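Sequence annotations record features per position, and here Swiss-Prot assigns disulfide bond to CYS237-CYS239, CYS270-CYS273 based on sequence analysis.
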Amino acid sequence: MGDYLVKALGFEGKVRAYALKATEMVNEAVRRQDTWPTASAALGRTMMAGTMMAAMLKGDAKLTVKVEGDGPIGAIIVDSQANGQTRGYVKNPHVHFELNEHGKLDVARAVGTNGSLSVVKDIGLRDHFTGSVPLVSGELGEDFTYYFVSSEQTPSSVGVGVLVNPDNSVLAAGGFVLQLMPGADDAIISEIEKRLQTIPPISKLVEAGMPPEEILAALLGDDNVKILEKMPIEFACQCSKERIARAIISLGKDEIRAMIEEDGGAETTCHFCNEVYLFSKEELETLYEEA
């Protein structure tokens, strides 16, 4: 089965849980961005966290995650929709370091430990919800955990992991979010904490073929999980030539005239999917008339 996300409840509704397998989604972003392994892990972790956060929304709602650390990869931007479609990019994709002391890709060194994680939610209202927290580790799972606790006042645990092949393709990518609901007592908390301390890295579980449902069972206990929904997830970009044309029109007549006279056309590349859009001199003349 391809990539998908599972929504569930645990401990009779006292825990809200999400888990996903996102190997293909992350690999498509890596392929389009030509990221090197450490940057791939950072981008993939952020995309999976964004995908699970968006799955908490309803209908046509969407969100944007922005991670801005002081590390060499620069900003990570992810757009996720409630329907399971996500896109993302990293400003400097060609960043890679040796493995850290734990034998893992050194995401914190690439992202940096000083900076911010911000989330903008668009739920169809006039005003968007915006939350921002400082980075606490740069490893990203811990940073999203802190975001939920600090910005949304929801005690949570976030795990996201990416394994990268020697040829830079993605071997496995997966993640989970566990959130305590009102009524979760100390016994539930200690049970979850005990399981979190003993479970292998989530990327290893995905590599071994463990589906999201079984990952949640391992995190919460077989008898404590009630699956609510499964939904497919994918890398998807909403860019189009029409959308780029509207952006060119918004630049105004002077800018468009300069493109026509100085360049004889225009070429633009989407940050997210690296699709290249070309506009001929004649097409720009038409846009000039509409501006």
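Any Cβ shown, glycine's included, is placed from N, Cα and C.
From a predicted model like this one, the values you see are computed outputs, not experimental measurements.
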**Fill in**
Within 10 A of the CB of CYS270 (disulfide bond), the number of other CB atoms across every chain shown is 18
**Prompt:** Since the record lists CYS237, CYS239 as disulfide-bonded residues, which of them has the fewest other Cβ atoms within 10 Å of its Cβ?
**Reply:** CYS239
**Request:** Sorry to bug you, but what's the C-alpha spacing from CYS270 (disulfide bond) to CYS239 (disulfide bond), rounded to the closest Å?
**Result:** 7
**Message:** Just to verify a number: CA distance, CYS270 (disulfide bond) to CYS237 (disulfide bond), in angstrom, no decimals.
**Reply:** 9
**Message:** Measuring Cα to Cα, how far is CYS237 (disulfide bond) from CYS273 (disulfide bond) in Å?
**Reply:** 6
**Message:** Restricting to the chain of CYS273 (disulfide bond) and a gap of 6 or more, list residues whose Cβ falls under 8 Å of its Cβ, or answer none.
**Reply:** ARG32, ARG87, CYS237, CYS239
